Amino acid sequence: MTAQSQVLKIRRPDDWHIHLRDDDMLKTVVPYTSEFYGRAIVMPNLVPPVTTVAAAIAYRQRIMDAVPAGHDFTPLMTCYLTDSLDPAELERGFNEGVFTAAKLYPANATTNSSHGVTSTDAIMPVLERMEKLGMPLLVHGEVTHAEIDIFDREARFIETVMEPLRQRLPGLKVVFEHITTKDAAEYVRDGNELLAATITPQHLMFNRNHMLVGGIRPHLYCLPVLKRNIHQQALRELVASGFSRAFLGTDSAPHARHRKEASCGCAGCFNAPTALGSYATVFEEMNALQHFEAFCSLNGPRFYGLPVNESYVELVREETTVVDSIALPNDTLVPFLAGETVRWTVKK
């Protein structure tokens, strides 16, 4: 990374966790990612979910059809794990270069996850096959038992699911996605080379007070939900330390405005337009800009065993105002930090 006083030049980053949706929403949101990122790990929680090689190939084509001319972008597809998934289908997809990884959603943990896994025992043959193949398992790390408080679900997942699973399958490569707690930050930090984490901009920039004090801010509502300040600070300290197994994963998750601003609003922040500048702001605040490029562009490829991108992007330190909304055919999208003044923007 080269840093002049007002410009950051880094290798083209990748987004290791994104929701691109489908149909009109897909066509609207893809360019915000393909413009700045070389690759993205695309979540498979469509309706119906992406559980076959054929479905992944078709979805990948729909994504590519939405990439504007001149954008150099490769979607990396994932398989949605279900209790009934055939290990042979997963292996075929991985060997043919269709599936980069597989996604474990505990049933009903987040948007469109009702088909998710009821227990890791139910998919042990699949996980054993993944361990053998060296195929990464991407984990939404929350338990979903009704009696467990929503703010405790990540920490409880580590104790009851993640650690027993990694003990049982010590060769399994695992990405603990969108970590939100001090517990998870310490667990990943103290883990071995087969355990990594993605972290979103919203969990680095905000805590639950920002979402709940002085009025509910539905566009900060995502899952896993924002936690206490102590957890936010632990995440910030982890990335500022230059820890090499944490990397950029926006979890950008668009929903139309009427689905967010509702009596029962959807979870997800559409942060693709503003994420890169948001991360830069956090690293600057932590006096850690020397680690910014590794977090965005180097750590992820190293963990996945992929080459780093050859091209570069530049971020400029100048105040700009984020647009209030982005048009959809029958509604609008409200981007993360809508209407706010931001410090860093990507040079176009």
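Numbering starts at 1 and runs along the chain as it is shown here.
Heads up, the Cβ atoms here are built off N, Cα and C, so glycines get one too.
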Residue in Asp190, Asp251, Asp324 which Swiss-Prot records at the Zn(2+) 1 site where His17, His19, Lys103 also bind: Asp251
Substrate site partner of His19, Leu20, Arg21, Asn45, His140, His255, Ala267 (as recorded in Swiss-Prot), chosen from Leu76, Leu172, Leu223, Leu298: Leu223
Same-site Zn(2+) 2 binder from His71, His115, His178, given that Swiss-Prot records Lys103, His140: His178
Cα within 10 Å of His140 (substrate binding site) - qualifying binding-site residues among His17, His19, Lys103, His178, Asp251: Lys103, His178
Shortest C-alpha distance to Leu20 (substrate binding site) - which of the binding-site residues Lys103, His178, Asp251: Asp251
Near-site residues: Zn(2+) 1, ref His17, His19, Lys103, Asp251, CB cutoff 8 A to centroid: Ile18, Ile41, Val42, Met43, Asn45, Leu138, Glu177, His178, Gly249, Ala253
Between Asp251 (Zn(2+) 1 binding site) and Asn45 (substrate binding site), the C-alpha gap once rounded to whole angstrom: 12
Inter-residue C-alpha distance, Asn45 (substrate binding site) and His17 (Zn(2+) 1 binding site) (nearest angstrom): 12
Separation of alpha carbons, His19 (Zn(2+) 1 binding site) and Ala267 (substrate binding site) (Å): 12
